[in-house]
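Asker: Pasting a structure here, questions to come.
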Amino acid sequence: MKLKQRVVLLAILLVIFIFTKVFLIDNLDTSAANREDQRAFQRMLAGLRVALDPRLEHTLQSPWEIAAQWVVPREVYPEDTPELGAVMHAMTTKRIIKADVGYKGTQLKALLILEGGQKVVFKPKRYARDYIVEGEPYAGYDRHNAEVAAFHLDRILGFRRAPLVVGRFVNLRTEIKPVATEQLLGTFMTVGNNTCFYGKCYYCRETEPACADGDVMEGSVTLWLPDVWPLQKHRHPWGRTYREGKLARWEYDESYCDAVKKTSPYDSGPRLLDIIDTAVFDYLIGNADRHHYESFQDDEGASMLILLDNAKSFGNPALDERSILAPLYQCCIIRVSTWNRLNYLKNGVLKSALKTAMLHDPISPVLSDPHLDALDQRLLSILATVKQCTDQFGPDVVLVEDRMTLSHL
């Protein structure tokens, strides 16, 4: 073989070697990250069943102290939570020592103080499980069971950004009225043989009370976040106008996401990707009412978007409100870890996982089968939307490596 041919051959082999090495290293890095996603998914599946057990081993702390210590800038509770069942058991059984009207808002709720000084938000049952909420996607009363289901979906998606929620039955006559403030007590009434109350809120009306079955009312309790983590409220960039005939800019401007990317805190840090995650979460549960959102104060965009107030969800299983996904299909970006998790949940895994997660809740069954079926169908729509984005822009642009290493700062 001539010298020139040998040089050319060596050059070709060198190029092949370099490309092979780069490809293998890239694949090893990617597959290592994907393997960690897979392991995290398997850990989540293994820990889905949460038995409400009062025992707290290896600690002298109260359930409330444990839950307060879980909260960090990027998560409300950690991935590994062996004490979760004990905390939720306390939420559903601890004696109520004070009851007041709920904090400001549009929907009926009560603020309860449980033994040990822990605040929780109580949302009463307003609908049967199979009731279909007609009209706009944000219509109707809050759904207490939606709060429970949304919390467990947050666990399944691996976000861990929703405060703890569990179902609870309360006796309004013996547990609430004796410890109620005058303001709350003044809203109690009897309708037929049922004890009812209408509370204080923007849409609370004496003509539209929430009523117990006799004296016992089904509802949900949401754990109040620790006071050392004050919240800051933000207008959601994809919020609705709620005015007939008036569209928000994102509803008619195809380049809207480009404008969002130029404004703080969406021009840097994790917040825009949190918005995308939240759009995925809200589309799955059918929540078209996230006009505002909360983060921790003075975070400069680094802390998470907290998934509070998910009760305008699971209203109509036949309604898939695609506009909820606008942040995803307008920005065409999504976290690789979120994308991996969604793919793991295909083929009925999501429905099965959520049923398993909610099995031990005191108000189980939490959702009707049509709502569970709707989750699997909506998941397919999300995957198809991301596929359209990757077909148009390529996976390197759409799939963003942001695995949120800020969780323990």
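Placement of Cβ uses the backbone N, Cα and C atoms for every residue, glycine included.
If you look up TrEMBL, you'll see D289 marked as active site. Summarising the annotation, TrEMBL assigns ATP binding site to Q107, K123, T222, L223, W224, L225, E294, D309. Per TrEMBL, Mn(2+) binding site is recorded for D142, D309. Per TrEMBL, domain 'FAM20 C-terminal' is recorded for 188-397.
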Asker: Taking the residues Q107, K123, T222, L223, W224, L225, E294, D309, which the record names as binding ATP, find the longest CA to CA distance and state it in Å to the nearest whole number.
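Answerer: Pairwise Cα check on Q107, K123, T222, L223, W224, L225, E294, D309 gives a maximum of 19 Å.
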Asker: What are the non-local neighbours of L223 (ATP binding site), defined as same-chain residues 6+ apart in sequence with CB under 8 A from its CB?
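Answerer: Once residues fewer than 6 apart are set aside, L223 (ATP binding site) is near A67, V87, M91, Q118, V120, P163, L164, V165.
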Asker: Of D142, D289, E294, D309, the recorded positions given in the record, which has the fewest other CB atoms within 10 A of its CB?
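Answerer: Counting other Cβ atoms within 10 Å of each of the recorded positions D142, D289, E294, D309, the minimum falls on E294.
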Asker: Using a 10 angstroms cut-off on Cβ to Cβ distances, just flag whichever of Q107, T222 is the loneliest among these binding-site residues.
Answerer: Q107
Asker: Out of Q107, K123, T222, W224, D309, point to the one nearest D289 (active site) in space (Cα versus Cα); all of them are binding-site residues in the record.
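Answerer: Closest recorded candidate to D289 (active site) by Cα: D309.
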Asker: Grab the pLDDT values for the domain 'FAM20 C-terminal' (188-397) and give me their mean, rounded.
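Answerer: Overall, the domain 'FAM20 C-terminal' (188-397) comes to a mean pLDDT of 96.
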Asker: Please report the distance from the Cα of D309 (ATP binding site) to the Cα of D142 (Mn(2+) binding site), rounded to the nearest angstrom.
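Answerer: It is 9 Å, counting Cα to Cα.
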Asker: Near L225 (ATP binding site), how many other Cβ atoms are within 10 Å of its Cβ?
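Answerer: Around L225 (ATP binding site), other Cβ atoms within 10 Å: 20.
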Asker: So which one is it: of the binding-site residues K123, W224, which has the fewest other Cβ atoms within 10 Å?
Answerer: W224
Asker: Between K123 (ATP binding site) and D142 (Mn(2+) binding site), find the distance joining the two CA atoms and give it rounded to the nearest Å.
Answerer: 8
